[in-house]
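> As annotated by Swiss-Prot, GTP binding site applies to 16-23, 80-84, 134-137, with the evidence given as sequence analysis. The domain 'tr-type G' feature in Swiss-Prot is assigned to 7-284.
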Amino acid sequence: MAKTDLSKVRNIGIMAHIDAGKTTTTERILYYTGKSYKIGEVHDGAATMDWMEQEQERGITITSAATTTFWHDTQINIIDTPGHVDFTVEVERSLRVLDGAVAVFDGVAGVEPQSMTVWRQAAKYGVPRICYINKLDRTGASFDHCVKTIKERLHAIPVLLQLPIGAEDQFMGIVDLVEMNAKTWRGETELGAHYETEDIPADMKDEAEAARAEMLETVAENDEEFMELYLEDPDAVTVDQVKAAIRRGVLASAFTAVTCGTSFKNKGVQPLLDAIVDYLPSPTDVPAISGFKPGDESVELERRPCDDEPLSILAFKIASDPHLGKLTFVRVYSGVLHAGDQVLNATKGKKERIGKIYQMHANKREEIESIGAGMICAVMGLKDTTTGETLCDQTNPIILESMTFPAPVIEQAIEPKSKADQEKLSNAIQRLVEEDPTFRVHTDEETGQTIVAGMGELHLDVFIDRMKREFHVEANIGKPQVAYRETLRKPVEKYEYTHKKQTGGSGQFARVIIAIEPKEPGFGYEFVNAVTGGRIPKEYIPSVDAGVQESMQFGVLAGYPVEDVKVTLLDGAYHEVDSSEMAFKIAGSMAFKEAARKANPGLLEPLMAVEVTTPEDYLGTVIGDLNSRRGQIQEMVEEHGNKVVRALVPLSEMFGYVGDLRSKTSGQASYSMEFDSYGECPSSVADEIIAKANGGK
């Protein structure tokens, strides 16, 4: 494979709120760059990027397919990211391997809640962004309102590269404030592939000059090098100098460059492509990736995006291709990967052999022999590698920092209809969990049912849909249930438990004394061994820890997992003959269970951040309804003539909300919801949940 000039590569993501036109924008990019010969519309379920059947039916993007295309002499690798909040893990996962992103906003709504979530995620990974204000042909679209929401809701500094020419159905092009010309799309033929570059319309000259002056001023304020040129003579700065300064500012996330258009009507996409090339980073513009030595996190290592550095790769997505089987999408951070190479999975300490390497165009593929640093591709043949794991050179191992995934908040029981379905279900679960680590699966100890947990109702719907459609599992599906947690509210300084069993022959004996201490939310679990003088032999300590953790999976109130606790093993005793790992595991488990009863246990429920946008006429109804659902109103603001109510509401109260809201507001209000945190259940609610959980026992 010919060596790629990395300065001519852009690894980008296109991110947005659901329905902002992200998939349509990606489709147009693929069309104008010559990769897609018939434009696919989300409206008719034919979009090239949306390649799973459910996506085509639902008109939303669920998996991030990676595709490679070219604009002039620059290679653009695009990761398509989902806009629905249930799939934020897909977004996190793709942002992890991107160098830059395009945030697409709806020209009518401006910055919406999911846009804010994704923006925060991009900031967390330090991904430079440019904005594209889409759908400016729609009734009610307002470029100025969108720019205002970028300032107010994202707390970003927008630098306008363009102004729209014409509004709503009269929208016909853009004023380019960098080059100071107009680009117009007049005919509907050729699907917008050609546009005219002409003088700025006379009635927009003053507005354009004022906007350009403001743009140059903002850039100068954030770039010292440009400031000197600008102060010397504002009229003498060249287009190249302006572009270079904007590029530096975007790469430093000092400000965000703003473009506009209407992808559906084929206007404004080519200048967006130019902006991607001009202002978003190449792999050489981003810092070297850091990691650590396997087995010793204190030894920090770095890899630069060079072909002659040792190989380091991050697996960021696993997908099942109906023809090829399991495909692993990877980003090569350093070194060169060849088909047939043996590599080390440093996360698991296992060797893997690379099969074929593909560059993907949505769901079409091109086989290649090798791929260098800074590139994204899909590989076959990996048996043990899952999302977030590192593959590397066996002689220079490194683990790149992994991704952290949120805990699921909603679960559903699945009962296969026959023994054959049980086997198919096991296979389906293994494959689907491998693809998306935010699905968690466990077996209910009492009922024997398989419980699947996920990030929201749509998330579980898609899981069950794929299980039936791709793996042909016939099953009865239970109602979605809330994933409660248990917590401890007071410390227990000392609790002693002795496990003793004598049934002829060697018996079982283990004595442990533990202390338990509740910790702050998000702390997780910590086990401290404070045993001295060999009172419990070293080899039995991990068994006590394992017993405690096993017991924590089933809390004493209602059998939900216990969170945020520190357990200290203080002392104990053993017997030369009768003690064993199993005896200490049982002792650890029972000691925690009994001590937890004395630690004032409480029930936690997932609280969702809910944002409702409603006409003022229905504001009272919406607030009253949220209050009746135990919602805590956080704030109310006015946006675009509507009222926006933000509240924290328990997930258990939100089932069926979409239908209720629609009927109470005649379909005029909309809402979005995402997980916020776990909060304590009021005792009246907790008593009911506990009684229900223990009722069948």
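Placed from the backbone N, Cα and C atoms, the Cβ positions cover glycine too.
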> If you run the three-state DSSP split on LEU136 (GTP binding site), which class comes out?
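DSSP call for LEU136 (GTP binding site): coil, neither helix nor strand.
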> Which residues in the same chain, at least 6 apart in sequence, have a Cβ under 8 Å from the Cβ of LEU136 (GTP binding site)?
GLY107, PHE143, PRO164, ALA167, GLU168, PHE171, CYS260, GLY261, THR262, GLY268
> Validating a neighbour-count step here. Other CB atoms within 10 A of the CB of ALA16 (GTP binding site): how many?
27
